[in-house]
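According to TrEMBL:
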{"type": "TRANSMEM", "residues": "18-38", "note": "transmembrane segment"}
{"type": "TRANSMEM", "residues": "73-92", "note": "transmembrane segment"}
{"type": "TRANSMEM", "residues": "99-117", "note": "transmembrane segment"}
{"type": "ACT_SITE", "residues": "127", "note": "active site"}
{"type": "TRANSMEM", "residues": "137-157", "note": "transmembrane segment"}
{"type": "ACT_SITE", "residues": "141", "note": "active site"}
């Protein structure tokens with residue numbers, strides 16, 4: 001028997017998945033645009049702005065220049081695999097998770113994607129934020145740290161899953 005008004009159950013799932021990817025793409029695009037600006041504007045001319053300076057640097061390694069001596073293709077392969085794993089995990093879990101969890105995943109995915117894309121042409125990541133007491137970093141790094149912190153906090157103190165049923169508008 002068929003009904004004239006079937007209920008589509010895939011829309012909430014697809015909407016949450018597309019939303020996660022769209023937010024991640026927005027995070028990545030923001031960082032990549034700033035990196036493009038920094039490469040031109042900060043070359044040889046750092047901006048001393050107080051507690052957070054703008055200073056151009058190129059990092060051949062991972063966080064804190066870990067594995068800076070490793071071949072570029074190794075870091076590219078490892079970061080590519082990790083980024084893909086986060087994307088797959090986000091795609092698979094987005095339908096059953098809350099907004100904060102999806103935003104945390106989107107921040108990690110967006111930051112990782114931006115750094116991966118930045119590393120492809122020359123095996124280095126462009127950094128531009130400098131505190132004087134911390135290694136130079138970029139906005140993508142900040143997205144990754146804030147996203148990971150969000151997921152850890154939700155795991156420890158909250159819930160990663162929706163407590164409410166999916167609504168048709170979701």
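For all residues, glycine too, the Cβ spot is worked out from N, Cα and C.
These numbers come from a predicted model, not from an experiment.
Simply put, out of 73-92, 99-117, 137-157, 99-117 has the most Cβ pairs sitting under 8 Å from the transmembrane segment (18-38). The secondary structure of residue 127 (active site), as reduced to three states from DSSP, is extended strand.
The two recorded residues residue 141 (active site) and residue 127 (active site) have their Cα atoms spaced 9 Å from each other. A helical conformation is recorded for residue 141 (active site) in the three-state DSSP classification.
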